[in-house]
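The next block holds one structure in the form of structure tokens; read it before the comments.
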Amino acid sequence: MRSVDSLVHQAPVGEFLSEIMGGILNQSGWGTLNRSLTDQHKFSSLEDIDVTADGSLVLRIIISVVYSAVCAVGLVGNLLVFFLMKIRQGQKKSIINFFVINLAVTDFQFVLTLPFWAVDTALDFSWPFGNAMCKIILSVTVMNMYASVFFLTAMSITRYWSVASALKIPSRKKSVSVKWVCAVLWILATVATAPTSIFSTVTVVAGEKLCLLKFPDGQDWLALYHLQKIVIAFILPMFILSVFYLLLLRFIRKRGINTRQRRRSKVAKSVTVVVLSFFICWMPNHAITLWGVLVKLNAVHWDKTYYMVHTYVFPVTVCLAHTNSCLNPVLYCLMRREFRKLLHALMKKSPKILSEDFPNEKCIKEAARRIIP
């Protein structure tokens, strides 16, 4: 049975002590810590818990490999989304496609940060990239988390309006409106990221350089920070999405299904799957984060279960959350018939294309139009 002192000095950097010692292992950094050794007296009951840190090295290696794999798949998948959207640019524009492009941008920017977190995790959460990169990487990660959920929410609202509303807005006005909406959503994501940008820093703890969020007043600020993310990035969007998709289902059932409506309902279902994938990927992470908030506010007591969950389960939920960034483009390509046909045709013709001189963009677009009327 280990004492508190032995746990503090023997447990690897970045393990459960980041949470129970009053720090942060947030979903924005997935490795940002604040292991204050002065808080040991608060957790003396750890002496009654027979736990070990075995397997932590293996766990860190697995997480680093997952980050690298998600980065590779996410880069390819989101670049594919950009390519397919570019080819179809000259055809009939869709409001949803504006949001799809912006969502792909957020996922693309997010996966670009994963190599940094992979290195950080592999080095036992010791940050080697300096203070400026700490602020940049943390801020970009959190901002794109907010932006992703904002655009997914906007997609669900837009889908309901496009199916249920009888209003016909001219396409030019429609394009201008959706661009303004996208701009506002990016601004909101930036504002929500402000606490991360302000308080992220590299701090030396026990001889280790850590990229962490250092708040001026300990646990209360940290709890509020987590609550902000849970409410803005999970609870509120889930409520809005639930309301609009219930309204959409109600509308489809009331009106009956003709050929055109059936096609629209399929599109609505595809968007629903994209949204559900986001929440399935993120819900475990937010649930455990909320548990940590309740512990910080002394609303619930921590125990061996809390320790085990944050040591072994929480890193898995982080990896699950990361996979959403490479899952979205896969869903776009597999669930939208026009993109499946285009992708299949491009893959079928790729040997011929590669054997000839590289065609210009105009030729590619013309070929795409012939493939998909």
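Cβ coordinates are placed from backbone N, Cα and C, and glycine is handled just like the others.
Database features (TrEMBL):
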DOMAIN    77-332  domain 'G-protein coupled receptors family 1 profile'
TRANSMEM  57-83  transmembrane segment
TRANSMEM  95-116  transmembrane segment
TRANSMEM  136-157  transmembrane segment
TRANSMEM  178-206  transmembrane segment
TRANSMEM  226-249  transmembrane segment
TRANSMEM  270-292  transmembrane segment
TRANSMEM  312-334  transmembrane segment
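Here the transmembrane segment (136-157) does not lie next to the transmembrane segment (57-83) in space: the count of CB pairs under 8 Å, restricted to residues six or more apart, is fewer than 3. For the transmembrane segment (57-83), the list of distant contacts is 12, 14, 100-101, 104-105, 107-108, 110-112, 114-115, 117-119, 121-122, 124, 312, 315, 318-319, 322-323, 325-326, 328-330, 332-333, 343: same-chain residues at least six beyond its ends, Cβ to Cβ under 8 Å.
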